[in-house]
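One structure below.
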Amino acid sequence: MTVPHHFLLTPGPLTLSDEVRAQMQYDVGSRDACFKTITAQVRNIIVDLVDGRDAYSVIPMQGGGSYGIEAALASFVAPSDRPLVCINGIYGERMLKMLQLRGVHVVSMTAPCDEPLSTSKIAEYLRRNPAVTHLCFVHCETTTGVINPLRPIVELAKKHGVRTIIDAMSSFGAVEISAKQVQFDVLVTSSNKCIEGPPGVSFVIASLEMLNSRVKHMNSFVLDVRDQWNSFEKSGEWRSTPPTHVIQACAKALERLTIEGVFRRGERYRSVRDAIIGATAPYASPLLNAKIRSPVCLALTAPNVIRTQKDLDALYAHLVDYNLYIYTKLHSQTRSFRIGCMGRIDLMWIRLLEIAFQDFFDANRGVRKYLSASKNRSVEKVL
Ligand SMILES: *Cc1c(COP(=O)(O)O)cnc(C)c1O
């Protein structure tokens, strides 16, 4: 079955540039010199993007973002450690669950989903609980798009001699992160968010100090970040079959990110986000106040119309008629739904979104009827 490209307004996977997509048509050998060079390129560009040369190393891991997070937790948190997970959304919850599944004695503190984590509350917790060894949190909680204060939290952890493991899945590439300014221990991102690559690989960015520390607790082969790192350092090779096509596309995507720059990419997403706010304004409003909104995705509420998952299912199905794809799940706590601002979004899609919202919320079915009657015609013709 072949499908036309969806107009993706999801916070990953996202619309690729033609250039990046084109890289996936080349078959190369996974242990060949050519692929080793591409892998090294990918690792070097990411180290440079975080200003981490000489102090950090990037270890690509097979699998999506969650695989990278679980690998980092499995490799850098021992069962005897006492990690604290600070939670204000589903990805924070996921880190907690991963540690619990590993039998680690983990503690957590939970903040409201529509507020950033409070540095003063974390400070108080660390003061009262000197046994805490690691602090785990999400930089940009994609649940609502709230951005957490990276630098103050990392500085606080450092002051207490606590290691930091950060989920920067949806911030890396669009929000500037400099290891010179923010001396995190481990930060994880993935190929299919603001790097604008295809899904399939995650990147663990770890300090050389963490990588060089000896551990006895490792009980997994595939999740072993140090072992993968040793393999890259010794032979330039992945331990087991890598996603060769995805890595080639990532190399191109990272080249493009370097040219555009993280700041400008953030600005581009911000303008998409603000255009979405404008396009949906009469019917839906942003969950978060402007100060704490990240540029990467937007959580909207429409309290009179979108109350349940069923309501969102109806809106989703309606938008699909326009070839528009938003995130499918309602966040039940805040009754918000998400629209992604990342990837190669054409501003015409936002205009289309405006029309689709008008049609849905005003129950003026004219355009919709026309579209359903002409499914095979391209959406552009309607515009
Ligand atoms: C997308 C995302 C993840 C999970 O990534 P998967 O590739 O779906 O496993 C984790 N954390 C955050 C903050 C994310 O945005």
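Every residue, even glycine, has its Cβ placed from backbone N, Cα and C.
TrEMBL does not curate its annotations; it predicts them automatically.
If you look up TrEMBL, you'll see 27-257 marked as domain 'Aminotransferase class V'. Over the domain 'Aminotransferase class V' (27-257) the predicted model carries a mean pLDDT of 97.
Residues annotated as N6-(pyridoxal phosphate)lysine in TrEMBL: Lys193. DSSP assigns Lys193 (N6-(pyridoxal phosphate)lysine) to coil in the three-state reduction, outside any helix or strand.
The feature substrate binding site is assigned by TrEMBL to Arg338. Sequence-distant neighbours of Arg338 (substrate binding site) (same chain, 6+ residues apart, CB-CB distance under 8 A): Thr10, Pro11, Thr142, Thr143, Thr144, Gly145, Cys297, Leu298, Ala299, Leu300, Ile326, Tyr327, His331.
In the three-state DSSP classification, Arg338 (substrate binding site) falls within a strand. Sequence-distant neighbours of Lys193 (N6-(pyridoxal phosphate)lysine): residues of the same chain at least 6 apart with a C-beta under 8 Å from its C-beta are Pro11, Gly12, Leu14, Gly65, Met169, Ser170, Phe172, Gly173, Val296, Met342.
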